[in-house]
Amino acid sequence: MVAERYTVDLNKPLVFQVGHLGEEYQEWIHQPIVCVEGPRFFESDFWEFLTRTVWWAIPTIWLPVVCYVLSISASKGLTFPQIGLIVAFGVLTWTLLEYTLHRFLFHIQTKSYWANTAHYLLHGCHHKHPQDGLRLVFPPTATAILLVPLWKLLHLLATPATAPAILGGILFGYVMYDITHYYLHHGQPKEPTFKHLKKYHLNHHFRIQDKGYGITSSLWDKVFGTLPGIKAAAKKS
């Protein structure tokens, strides 16, 4: 007897439904629903609230933190040129983190109930509803939690003076990433660089999901061989 395929009811909260899709989950999330109005995730208004973040909350919350940690490095004797170089290193580090997380965590293949559920919350929802403007940037609460182990790791690997500046660079890179990501989905860029980035990223969403993992840059896609080719894109379209 063939098991009946599970059907997600889009009129009900989605999070605890998607796990039932099993092996069909990956196919389902890559059939996007393009609308500005996002779906409901939870029955609870409290948990629903925590999943929604306006884009401008990211620079408002995190840029002051960037300035604060850079001031720590300055107070410990680093010059502004030294801080600038370390921040540049931190930003470069972020671009590699951006690529690595997107490729190996956000696009991990899942099929069990809880793995599908967790993946949907992490990234699957963005591929299913790519224009949901309130679930495009990373929630500040989750970012704050992740910053704790990162801060401790940097203190182990770097000096007391350089660790804050590295964190500032990584955090600044993250802010630029989230703002850029939002703009690529909801902006209408005229400048050639951003027009290219928008086309590059939407190609990842709608044509070749296993290529083009960079958001702010295609650098690491070039380095690691995941740059989508023109011929491949044509075949998928």
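Every residue gets a Cβ built from N, Cα and C, even glycine.
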Check Swiss-Prot: it lists H102, H107, H123, H127 as binding Zn(2+) 1. Then name which of H20, H204 it lists for that same site.
H204
H119, H126: which one does Swiss-Prot list with H181, H185, H201, H205 for the Zn(2+) 2 site?
H126
For each of the binding-site residues (H126, H185, H204, H205), count the other CB atoms lying within 10 A of its CB, then report the residue with the highest count.
H204
Give residue numbers and ranges for long-range contacts of the transmembrane segment (134-154): same chain, 6 or more residues beyond its ends, CB-CB under 8 A.
38, 50-55, 57-58, 61-62, 125-126, 163, 166-167, 170-171, 174, 178-179, 181-182, 185-186
Quick check on the binding-site residues: of H107, H127, H181, H201, whose CB has the lowest count of neighbouring CB atoms inside 10 Å?
H107
Neighbouring binding-site residues, C-alpha within 10 angstroms of H205 (Zn(2+) 2 binding site) - of H102, H107, H123, H127:
H127
